[in-house]
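These come from TrEMBL:
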type     : residues : note
TRANSMEM : 48-67    : transmembrane segment
TRANSMEM : 88-109   : transmembrane segment
TRANSMEM : 115-136  : transmembrane segment
TRANSMEM : 143-163  : transmembrane segment
TRANSMEM : 175-194  : transmembrane segment
Amino acid sequence: MSQKNFPDKIVSFLLLFTVVTALALSLVPPFAQPLSYHDFADKRTLFHISNFSDVMSNLAFIIVGYLGIKTIHEPTPSQCALTPEAKWAYLIGFIGTILTGLGSIYYHLHPNNYTLFWDRGPMGILLMAFFAAIFIERVNRSIGFYLLLPLILLATLCTLQWELSELWGQGDMRLYIWSQGYPLIMIIFILFFFPSSFVRNYYLTICFILFGLAKITEGLDKIIYHFTFETISGHTLKHLLAAIAVYSLVYDVKHRQPKPYPQDNTSS
């Protein structure tokens, strides 16, 4: 495979992956959201706020989202500045982070399938916006920018389809699960095959590690709550770890440095 054609073939592979995974959904039988999902470990009420820890830990998303919006509007050296396309993607991603915090607060005050929509909807916006930002910065500025709004609309429609299916008594989470996993897998491919123009790329790796840990602690909600002597639950930890994961992107944008150009050592 020639170096010249390598990026084009990778893009073709990513498009093929999109089609194959979408078609594969038809082979998976529909499955509903288990009602046991809403049975969280920490149900303590403090200061007249039910599920206090799971509610208040969402303030981390709101704070990080605000810091992200503030960061992309701060003056930076021209060689480190975000392109207009990337700035829009990051802006929507950080707004989505704030909305995720607000939606999750609303959900955890009264956990049920209806309020869960307002938690998951903004999360889809957040994931697709950051996917578009990484695509813009590493693959193609124009294509990534044109994909930004369609990707956000797609994630929103997938979440809405799940919510409506639950309301109609025929719960079907397939499209929602796809819309959550698709951008994450695509980002991994991009990180492997499309190098960044900036040094310290490990912040994105840190983001993925923290997000993975957040998913693990979510699954260990009651176990963590038990072994911490009912001090903190796995779901509360999930919120905090996921917020720190987004903050790693804020830190990356704020402290990025361009890669030095190769030195020309040939003598004249």
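Heads up, the Cβ atoms here are built off N, Cα and C, so glycines get one too.
Just so you know, TrEMBL annotations never went through curation; they're auto-generated.
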Outside the transmembrane segment (88-109), six or more residues from its ends: residues with CB under 8 Å to it: 40, 49-51, 54-55, 58-62, 64-66, 68-69, 72, 82, 115-116, 118-123, 125-126, 129-130, 132-133, 136, 144-145, 148, 152, 239, 243, 246, 249-250, 253
Residues of the parent chain within Cβ reach of the transmembrane segment (143-163), under 8 Å, 6 or more residues beyond its termini: 33, 85, 88-89, 92, 113-114, 116-117, 120-121, 124-125, 127-129, 131-133, 135-137, 171-173, 175-176, 178-179, 183
